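Everything below concerns the one structure shown next.
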Amino acid sequence: MAVNASFVSPTADAKVAHVLEQFDTNGLLSTLFTGFGFWKLVLTVIVTAVAYDQFKYIWNKGSIVGPSWKIPFIGPFLESVNPDFNKYHEKWASGPLSCVSVFHKFVVIASTRDMARKIFNSPAFVKPCVVDVAYKLLRPENWVFLDGRAHVDYRKGLNGLFTRQALEQYLPGQEDIYNSYFKRFVQLSQGEHKGKHVPWMQQFRLMITALSCRTFVGHYCSDEAVKKIADDYYLITAALELVNFPVIIPFTKTWYGKKCADMVLEEFSKCAAKSKVRMAAGGKKECILDFWVDNMIESEKYRKRVEAGEKVDDSEKPATVIRWFSDLEISMTIFTFLFASQDATSSAATWLFQIMADRPEYLEKIREENIKARNGDVHASISLDTIEKLQWTRAVVKETLRYRPPVIMVPYLAKKDFPISPEYTVPKGSMVIPTTYMALHDAEAYPNPDSFEPERWITGDAEQQTKNWLVFGTGPHYCLGQTYAQANLMLMIGKASMLLDWDHQVTDQSEVIKVFATIFPMSYNAFQSIIASSHPLTTRFMAPTASPSERDAERVGPHPSYIEIAKPYILQSRMQRCLSEINMTDAKEDSVRLQGVAWIDQVRRALQLPIRTFNTAVIYYHKFRLLHADNEYNWADAAAAALFTACKIEDTLKKSREILCAHWNLKVGPGESLSSDDPRFENHSKLIIGLERLMLESAGFDFRNRYPQKLMIKLARALRFDASNEAKTTWNLSIDSYRTFAPLKQSTPTLAIACIELAARLHAKDATRFVDTGPVRYSKWATSRAEVMETLLDLLDLYTHHRSVTSVGPLYTLEHFINIRIGLNQEASAANIPRYSQYGFETALNGDSITNGAKPRNGIDPTSPLTPTTPLTLSPGMDQPPKSAIGIRGQNGTVRFMLDAARAHDERAAVEKFHKAEEEEYEVEVPYDTRVDDRDRERARAGRDSIRGHGGSRDIMVPASNSHIKIADTEQTGKYWIKFSQGSKPALQCQHSTKADNLAPLSRQAAKLDTDRYPESEGHEKSGRKRPSKKDRDREKKKLENIDHEGNPQQATTRDHAERMVPVTPTKKRKLHQETRSHPQSKTGLSEQDGHRWKKEREDNNRGEFRGWGSERGR
């Protein structure tokens, strides 16, 4: 069959031609198709694509701020290759919403705090995303790309890796890394760079990589692998820039980044396999990987027992049962941890060191605070609890994160049309990027936002600005490691302040921000904070420190004890800070608080316990929760332990089994009731007993409790309340007040008067009869209207938001409570009464300063972040109770709990007297002698830098500041300034010098002193004269002793001169005061022959004499 393959125009067909003629009446289509060729087709397609791209951009842009037109296809791609922070800031300041379009992506930028929070808290509309190439680098099956329930379940299994108990285990490894790298910093600065100003950002990146790898995968990753990851990780960062091509092209940034990512994933997979083997063999948990694998193993054992039909007690069930993860899955997750921490922490460390160098007054506060926390021992271990109590360290770190936030934008992808505001809806598939920078630089929340002011976190209200604190995000995808990150930075700057001094050469680019994945100082490529500067006057060295064995030898007497002061009252600001430190969200806190108090109330009624036991139990329950995160315990266990402890304190003894049994019987019917000796309560009761100690520690062993009901009844009688109406309501109000934090803040009269007044208002009585008049006169009970008002508002917050779980709430309508609150708010506004009473600072003994104006915690707070309540929940039968909030202090010294703060202050003042060194310093310049021994002269010509002592050894023995004999090297020490102290330890200094100065050895100075003592012996080698005889030397020695006895310091014996020449390099304000003492030659570094000579000289009557070069024994 023949086929006609020739092309025929459609118009050749008569039917088609007829149809075209009907539509093409003016001949336009005929003209268009006539001569229509290839290039005209290409041009038509391009014009159509450009028009469509512009139309789509304008359509998506709508009414929000943005360029009127878009550069065809690429948009602002060329500008984004080298992003300018100022242009970012201009776009943020242009309006709440703005937009750009890069390639095929339409990007909506949210600038305000409220817009950013709405995006963070809208998982139904958006999901986290990064650039397209991230799916190839991180693998599409990575958990960060999960959404919805799958993400929540996966995240729940990871929560246990960042609990306070786990973070406590990571601290020793982190301190080792910092000690090692800080020592390396000094070597690089003083050795390789000769004290010059050099860029230091890359060193911070290397240190943070090593720290992250040590924390995440421990020692499973070799030092070589860590170095390789640190060197190549830059490629991954570059590959994930926002403006890269969406496909991987060979020999581009994305191509190199993909190779590096594969290398890291392979290395972490090997680490996961090693950890599985080690944990299966019962190894000790040291890193995040170990904790994860151990939980997997325990969960697997539990599942096998359940599948076998074995009845497993709740006490043997793991806290969180997770599935088994493959090596690759673990590797991908650990990789995301590294991805999240590497650049952000490097940026924070770079800014932190630079800011501290430019503001040394804050660095000095951090130094003093950290040395005091370690009792003067810079090598002492420190607990997480102690780190978080470092007031200035914490304030500086938080202000640095606010002032220069490491993460300024977080990209999200709209899963569907997102009505972000009433006027604008983000189209599906668009990228939505909220910024955190503007919220952290909001002048209303943080006055003078562009100034670095750590004081705002101590004396200001910055802690209460939780809606603006978006450094770690909020919502379902908030940062898992926010506590870890802040504690890590506090540990880093604290260690650096004690071990290092550094200088920063300020330039006009120092404060300019450079955007690269995160933000760095603009000058990071040319200059960065360094450990020592090039000028001798500003050069500072690493302070000398003693080894652990030396520290033990230096410590005299028992370790000074730690003192914990009992806190009968806890202010609102302190409670807010405690809840923030344990990452307790408002919604979760309300739920746990109300459930726990209800549990205590129900069980104490079942056991017929008096109201005073209820009061004490609730107080202990509240104090316990302020120190322990909710993922460390089960709220029911804490409530049972609090009631068990209160029964002992109030002498209404009940066994833990009886309490658990009473709760069990409340849940079941009469036929299923159990007795207290049932074996199912055995393990659970042991857990309750273990929690008792933590309850007592949390309360500071303070058994002084308050019972407002007794006074309240007396006042009700005095005010002639009806026993069945107002008085009964007052009693129930007092019980409901314990569902708030009011009993922790207020005195007994304040609580009683507040309950009386609220009961009167609820029964529509004249409120003026109960406000500062008659039996409830405030001056009589040492209270104020502000304190009573605060208690009333706490109760009304409770009834407004949680009316159904209270005793009084269901008896009245919501409008009734709202009307009362409106009246109180009007009164407070008219009298200028703050929401929370104004107090002075808490006692400085506890190291915490208190601020006012904390946000309410008794009800729904509109300023609280809506984070998901998916913490690690422990079963009632968990194996072990949570760790003591006291931390590891008890391992190094006794922890004593005291009730009297004044007594503790006096005791500390008395102890400080014995540790205060009073000294008087003298400076003596040792003259330089041109006479030199021939051997020394030849050695100087040869360029040798070492010096010799009187025994001919190449090293000279001098006592060092750490009470041991060390080797002095002139290349490191330079000139000597000899300082004499009377009545205390010698103060030591070292001045920087050049290598030429170091060629004048100590022996020359000693020879000069010898010449001054015996002027007739000068040039004795040339003249052949001998040195003075022993009789002459004895006579001269007596003369010198007589001079010394008269108190002339400049005529001290030559041996005194030598022993005070100690080469150390402390900073100006950290002088080491150590008694110098001689040690056997085994610790001096001398040769055996020199050791015998040293011993002989000590036994000789002339051991006070220093023999210089040219003496007979010196030869």
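Glycine is treated like the rest: Cβ placed from N, Cα and C.
Over in TrEMBL, the protein carries these features:
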BINDING   CYS479  heme binding site
COMPBIAS  931-948  compositional bias 'Basic and acidic residues'
COMPBIAS  1007-1022  compositional bias 'Basic and acidic residues'
COMPBIAS  1031-1047  compositional bias 'Basic and acidic residues'
COMPBIAS  1089-1115  compositional bias 'Basic and acidic residues'
DOMAIN    598-697  domain 'Cyclin-like'
DOMAIN    710-797  domain 'Cyclin-like'
REGION    931-957  region 'Disordered'
REGION    989-1115  region 'Disordered'
CYS479 (heme binding site) in three-state DSSP notation: coil
DSSP residue counts for the domain 'Cyclin-like' (710-797), split into helix, strand and coil: 64 helix, 0 strand, 24 coil
Residue distribution over DSSP helix, strand and coil in the domain 'Cyclin-like' (598-697): 78 helix, 0 strand, 22 coil
Whole-number mean of pLDDT values that fall within the domain 'Cyclin-like' (598-697): 90
